Amino acid sequence: MGYLFTSESVSEGHPDKVADQISDAVLDKLLAYDPSSKVACETLVTTGQVVLAGEVKTKAYVDLQLIAREVIKKIGYTKGEYMFESNSCGVLSAIHEQSPDINRGVERQDPMEQGAGDQGMMFGYATNETENYMPLSLDLAHRILQVLADIRREEKVMTYLRPDAKSQVTIEYDDNGTPVRIDTIVVSTQHDDFIQPADDSAEAQLKADEEMLSIIRRDVIEILMPRVIASIHHDKVLALFNDQIVYHVNPTGKFVIGGPHGDTGLTGRKIIVDTYGGKGAHGGGAFSGKDPSKVDRSAAYAARHIAKNMVAAGVADEMLVQVSYAIGVARPINIFVDTYGRSHVNMTDGEIARVIDQLFDLRPKAIEERLKLRNPIYQETAAYGHMGREPQVVSKTFFSRYEGNKTVEVELFTWEKLDYVDKIKAAFGL
């Protein structure tokens, strides 16, 4: 008997993701001007208002208000009717200095013995069901919203689109855990009130709402989904699309009020969207707004890097890696591996974990250096998932009236590189 599995994603205009992107934009600017910055930046967004709070230790000085407004503008909240607009929203800051107690407990004379910024457990996961070693349901959910955002920015078709949106994809698997078909796709997108009722009656309003919904549903199926399918270059995934897919498009009906005006957004409230869509596991720590001394972020990236390279090397078809830390202690307390019975080596999961411990240095400073995490690389991670993205080298320019302008070349999504495959194959005799 097969089973159904579902993952969701949210767009860059979802209020929680607006908050994530602002927090990571603050982090990036501080790292651009002072790579040693210690940052924990939390953001709240609501009707006409942004509130920044958190702890920072840095030599840099940045304009927090300008950073927030630039992010909001880039996302697309540029009209007063959204009740949250880049030029007019208020921006309040309650950011203060990092606790010296924490700082003393983490920093060491030998940088390589830098302690973990907090206790906790972090997970990395990978599966070979997609080319980017991500769960298919989440990969498709992200893709749908990325294409929807492209359509919105082009302003050629579906011109009624607003920034807030969500998607959900349900995949049917067979008994062996192989995807066999796409069962259900849910798309909810914020939109303009683009059809006005003939009069003030409830009947006229209902008719106008139904006409809008009919157009949006048609456009999602006839414009959005063909572009999503065209962006997929994997024959096995393309074969999963079928005429029996159930589409739920704006199933609650009218969706004009949205974004931070519709729901308050907070940093760190989409941790499953950020990672594996419900597959694998999650230690509970959010990523955005945190510099890499916080193992919530850096160790989760390192665990993904390990799991992806292990699966790509052929050690297993699917792998979960857990690593845990004590605050102020450099070396992890444990490394745990689960191959879900899909290993291709004659070793127990515990034995595989011991080989991983020999191959990968999981001290926080070693992770920072291996994955180049002391660079301004984080705003790009804050929408459409931190995992499964394409590593790339980009040039980023930062503007500051206080520090001057600065251009840096950085490598994004380094934890997605398959740069340990050969070492792993040698270690496991593959």
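Backbone N, Cα and C atoms are what each Cβ position is placed from, and that goes for glycine too.
The ATP binding site annotation in Swiss-Prot covers His14, Asp164, Ala165, Lys166, Lys254, Phe255, Asp263, Arg269, Lys270, Ala286, Lys290 and is backed by sequence analysis. According to Swiss-Prot, the feature Mg(2+) binding site maps to Asp16. Per Swiss-Prot, K(+) binding site is recorded for Glu42, and the stated evidence type is sequence analysis. Taken from Swiss-Prot, the feature L-methionine binding site applies to Glu55, Gln98, Asp263, Lys294, supported by sequence analysis. Residues annotated as region 'Flexible loop' in Swiss-Prot: 98-108.
Positions of Swiss-Prot features highlighted on the structure.
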residue	record	DSSP class
His14	ATP binding site	coil
Glu55	L-methionine binding site	strand
Gln98	L-methionine binding site	coil
Ala165	ATP binding site	strand
Lys254	ATP binding site	coil
Asp263	ATP binding site	coil
Lys270	ATP binding site	coil
Lys290	ATP binding site	strand
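For the binding site of ATP, formed by His14, Asp164, Ala165, Lys166, Lys254, Phe255, Asp263, Arg269, Lys270, Ala286, Lys290 according to the record, the largest Cα to Cα distance is 36 Å, rounded to a whole number. Note on proximity: of the binding-site residues Asp16, Glu55, Gln98, Lys294, the one nearest Asp263 (ATP binding site) is Asp16, by Cα distance. Residues belonging to the region 'Flexible loop' (98-108) score a mean pLDDT of 65 in the model. Listed in sequence order, the binding-site residues from Gln98, Lys270, Lys290 having a Cα within 10 Å of the Cα of the residue listed as 'Mg(2+) binding site' are Lys270. The distance from the Cα of Lys254 (ATP binding site) to the Cα of Glu42 (K(+) binding site) comes to 31 Å.
Ala165 (ATP binding site) sits 22 Å from the residue listed as 'K(+) binding site', taking the Cα positions as reference. Inclusion criterion for the binding-site residues His14, Gln98, Lys270, Lys294: a C-alpha placed within 10 angstroms of the C-alpha of Glu42 (K(+) binding site); this criterion is met by none of them. Nearest Cα neighbour of Gln98 (L-methionine binding site) among the listed binding-site residues (His14, Lys270, Lys290): Lys290. Summarising the environment of Lys294 (L-methionine binding site), the number of other Cβ atoms within 10 Å of its Cβ, over all protein chains shown, is 23. The two recorded residues, Lys294 (L-methionine binding site) and Lys270 (ATP binding site), have Cα atoms 18 Å apart.
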